[in-house]
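What TrEMBL records for this protein:
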type: DOMAIN; residues: 23-102; note: domain 'Immunoglobulin'
type: REGION; residues: 106-163; note: region 'Disordered'
type: COMPBIAS; residues: 132-146; note: compositional bias 'Polar residues'
type: DOMAIN; residues: 175-271; note: domain 'Immunoglobulin'
type: COILED; residues: 349-376; note: coiled coil
type: DOMAIN; residues: 377-456; note: domain 'Immunoglobulin'
type: DOMAIN; residues: 383-449; note: domain 'Immunoglobulin subtype 2'
type: DOMAIN; residues: 472-540; note: domain 'Immunoglobulin subtype 2'
type: DOMAIN; residues: 773-856; note: domain 'Fibronectin type-III'
type: DOMAIN; residues: 871-954; note: domain 'Fibronectin type-III'
type: DOMAIN; residues: 981-1064; note: domain 'Immunoglobulin'
type: DOMAIN; residues: 987-1053; note: domain 'Immunoglobulin subtype 2'
type: DOMAIN; residues: 1067-1149; note: domain 'Fibronectin type-III'
type: DOMAIN; residues: 1188-1272; note: domain 'Immunoglobulin'
type: DOMAIN; residues: 1194-1261; note: domain 'Immunoglobulin subtype 2'
Amino acid sequence: MHPFLLTYTGSLTPSVSAFTKKPKNQTAEIGATVIFEAETEKPDVKVRWQRDSKDISSSYKYTISAEGNMHSLTINNIAQEDAVGYAVIAGVSKVKFELKIKESEVKGPQKAVSPDPAVAEPKSEEPKGTPSAPTESSAPDTSGTVSDGIAPEGLPEIHQPDTRQDLTGLFTEKPQSGEVNVGENITFVARVCGESLLKKPTVKWFKGKWMDLASKSGKHLQLKEHYDRNTKVYTFEMHIIAAKGNFAGAYRCEVSSKDKFDSCNFDLAVHEARTTDGFDIRTAFRRTSTDAGEDSGELDFSALLKKSSFLKTGPRAVHVSTESEVDVWEILQKASPSEYEKIAFQHGITDLRGMLKRLKKMKKEEKKSAAFLRKLDPAYQVEKGHKIKMQIEVANPDAEVKWLKNGQEIHLTGRYIFESVGNKRFLTINNCTLADDAAYTCMIGEEKTITELFVKEPPVLIVRNLEDQMVMKGERVEFECEVSEEGAQVKWEKDGVELTRDESFKYRFKKDGCKHVLIINDVTKEDCGHYRVKTNGGQSLAELMVQEKQLEVYQSIADLTVKAKDQAVFKCEVSDENVKGIWYKNGVEVKADARTHITHIGRIHKLTIDDVKPEDEGDYTFVPEGYAFNLSAKLNFLEVKIDFVPRQDPPKIHLDCMGRTAESTILVVAGNKLRLDVPITGDPAPIVVWTKGEKGSFKEGESRPEPRHTWTVKNGEVLTDSDGHVHVESTKGHCIFTIEGAERQDEGVYSVIVRNPAGEDTADINVKVVDVPDPPEAPRILSVGEDSCIVQWDPPLFDGGQPVIGYVLERKKKKSYRWMRLNFDPYKETTYEAKRMIEGVAYEMRVYAVNAIGMSRPSAASQPFVPVAPTSEPTGLCVEDISDTTISLKWRAPERIGSAELEGYGVEYCKEGSDEWIPAFKGLTERTSVIIRDLPTGEKMQFRVRAYNMAGPSPAATLQQAVTIREIMQRPKIWVPRNLRQTLIKKVGEMINLVIPFQGKPRPQVTWTKNDEPLDPKQVSIRNSDTDTILFIRRSERKDSGKYDVQVQIENVEDRASVNIQIVDLPGPPQNLKVIDVWGFNVALEWKPPKDNGNCDITGYTIQKADKKTMEWYTVFEHYRRTNCVVSDLIMGNEYVFRVYAINMVGLSPEPCLSKDSAYIQKTGIVYKPPSYKEHDFSEAPKFTHPLVSRSVIAGYSATLSCSVRGIPKPKITWYKNKMDITNEAKYRMFSNQGVLTLEIRKPCPFDGGVYMCKAINDSGEDIVECKLEVRRKYMPLTQELLKNLLSNS
């Protein structure tokens, strides 16, 4: 084996530990007491005991004691849940041990288990000098996490979760700390009992103290939850997928429910991937620096210490150090990072991670940044939509700071604000979004500071909750809620199952701003349940109850009495045509066969029995499916018997309304059975004859009309039968007339005649058949509005025999299949305004007619229509221009256009006082301005504009008052553009295009001149319009320069303006370039300006030199303004020639001016003899350059006296008043600034008046200046002398 590897492997087992005696694993019975003992190397060391990585404190369960360097943990009354992992921590050393539970058959008294390892857990004796496997971790975890070091044998890396119920908290199972390798998955589980909770608890997962993980869900993090209805336990899971190294750290789970709250801390340790093959120990020592340099940063030994697979394989060479104890801290502090590896091997350090972290902090405290006094915080958190301010302090207040986001430089915008206050620098981010969740860097030169910004989405709250609903089967249901934020995502659930949009369109989800709607079409009993809407900040629950529609019976089945071989028909009609039913006879279901027919057509159900037999007699029942009621009737079989009656009685009809006129009227609903049971007497049994005449009654005394139908019954047998659906029968004492399924043609006067040999009797019965009305014709849409329409229809052609009491209307969207009823009470009119429609959506309408019998079939659907409101009126209508026969109008588009496209505008006009509006043109115009021509001159006209869309015209926009069609005289005025108010400068050859706007009516006459002369039409083009004039020169020349005058004239009124044009060109070459002098390495040149300056000023010259040997030109000066210069730094022995170019605003002159003479730089040295100058005497006697001025001032106001003096050397100044020196008097202040002398007299009084003198003295002489000061009183009395002076002055 490689010696280097052997040495390091041996050093992993430390020779020095914080513990001289470590606790051992123990096994105990339930109810017993266990004592764990540990001995530290030094006394009075602070020791912590942990259970499942959580600190233990003294209680009735745990007893912690410490005496000197002996420490013990006593666990009383051991239970099954105490069988977990424990640890003891002293300094940076941590030892783990376990407690195992042994089930005993006979429980004896509680005994303390000896801490002796031989008793607790016998082990084979180890060789001398070979310590047991290491039990200390590589570093202490500050939050009590599972150590990253090597666990003792038999201790699992991740303990089973603690499933005990916390009697004071909400958790029934708390998430436990865990370890995971990089790239692997791990799940943390928390459980909460919901039996005592009124609502679902809220759970939040955090990393560290503040990072909410709800906003970090994604590829590597998933949060799940579910509810067990049987156990009433909520389970919350946090799945970490493909773990990374930076996932390690402390986590927290919080659960809350109304006034209850509980939290739990746990930790996650992430290890490097374990490898066994080809492990290179040197690669484990990675550096902490993020720079690309191979030797940059500090060594990090944590990666090596986490590779437990390497540490656990193969025999370990152990070396017990016998050297004296050394201070490793001192060695590491003094050593460079490149020597850490060597020091680690020499001293057998296993706790390098903790030591290097502490060493790094110590070094960081010593090493201060040269650029930053204060760096960014490690991380910031802000809620979405809020602002965040990051702050640093720089050492140099003038330092330039650069801010980066994810490595990209941030530029100043409305959201990013940079501030600089002294040596503080701020970055403010306004209205933070999720895109701002990134890493931010502040750089000063090469130094930088980095932070992380976490943007947290605010919880979406439910502002308006769902409401419980009770509906009938088949109806449409809408659950609506309102949330606190627009565009928020919500989740809909039914009985805990998430709802999705399926192909059958059972569920539809609608979002309108903050409103969210769940729509359920055609609800059924299966749709009953609890519906829930969820957001990340709350939820709302509502219940849906569905009731079956109450089935209405329009026609019930009736009893039948039939004789042999006749047909029996049971018929009923219900309100729902989709309802099916079953027929029963005496409780047994009737099956269809050759004689029995069962039919269902629309709302009508029929049971038909052909060739009736005696066994068909019985009770028949119809049961609608899904409804708890039935319809019953009886079928009687009639046997014909002939009885001999010896005596004879005349027949008699016993009716309540007797008479020969049809006054007795019976109403029957169409489709129902009509049964007329007429009591009769007579002996022998009379023959009964039923006849039907025309509809209506006949007058008394008139002959009875011939019957249309006749039915005769004798002795119970039908002698004549003219209609199959009419049955007549006769029983003892009764004659029965039955119409099965009465129809409209069955209406009329029915006469019954009974006769026998003893006589006859007659009675008339008026039968009227009533029915539901016929459907109305298809409705017509008269007009539409923004969310409404007006619909009209005609009454039905047939009212069913009963007056129509109203109408019912329905509407539906064109692409939908569901009709929605608009009114539930019959509407009496034939014109209806339907409201609450959606603008821009196509609809159809239909109508039902209703009478006392029922509701007709629906009418045909109307033509599709779209509710669209006309636009608002156009705005800003005004007159733009007017002439004798035309007018120009303009306006702006309507403020509200609506969902329909704007088709155009219609313009109309009329004479004042008239209501007849005349269209200005055919059709519509899309423009917002129009010219109306051929109007009568001098007439007062009114104009209006309307906008049109598919709904029709908008309200009209009308001028405030009528307009007289007559051109208005307007004074001519020229509006010279701002850029032409100064001289227009153009280069030769450029195009000139001048646009000069003007005003004036009628159209003015425009005249152009140049320098008071007409323009040359060959060179200059002029174009005039009603509002402007254009001067155009295609290719300008120098001669086009000058002053251009434009004149606009209307009759005797005119206006003038001038435009100066300057055409510039390149200048000519300079003149007469001379070499004035040559000395040393210098040449003095002189020249004259060019004759042609290009029509603009010469801005400078370019001077070039060339050696006559090579004649390569080099520029000496550019943009040189003088006409003489000195060319220096010439080479000795060379001969030079020179040239000069002139420069103006156009550029360099095309040709240079060459020097006629050349300049030779001699090689011999030249002795410079400075010229002798006579020393000049600069002394000068004082002389006042500005004298004092006599003044008259008002008493009480400060006054100043000023003068100026010059003199060399600087003269001494003295002020006098009336020849008295006032230099030291406090009332006066003297100032001297650059020869200007000032005397200030503070608030003078009349006694301060007099003669003031200023004297200046120096060695060359003196000078004096004086003035007179008069001080007047504030209020001068008016004397005769003063009055005379004032009058004379005026």
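Just so it is clear, glycine is given a Cβ too, placed from its N, Cα and C backbone atoms.
Contact counts against the domain 'Immunoglobulin' (377-456), taken as Cβ pairs under 8 Å, peak for 175-271 among the stretches 23-102, 175-271, 472-540, 1188-1272. Of the candidate ranges 175-271, 773-856, 981-1064, 1188-1272, 175-271 has the most C-beta pairs within less than 8 angstroms of the domain 'Immunoglobulin' (23-102). DSSP labels the residues of the domain 'Immunoglobulin subtype 2' (987-1053) in these numbers: 3 helix, 39 strand, 25 coil. Confidence annotation: the domain 'Fibronectin type-III' (773-856) carries a mean pLDDT of 89 in the model. Here the domain 'Immunoglobulin subtype 2' (1194-1261) has, by DSSP, the following mix of helix, strand and coil residues: 3 helix, 41 strand, 24 coil. In terms of DSSP secondary structure, the domain 'Immunoglobulin' (23-102) contains 3 helix, 47 strand, 30 coil.
Each residue of the domain 'Fibronectin type-III' (773-856) gets a DSSP state, and the totals for helix, strand and coil are 0 helix, 36 strand, 48 coil. Across the range of the domain 'Fibronectin type-III' (871-954), the DSSP-based residue counts are 0 helix, 41 strand, 43 coil.
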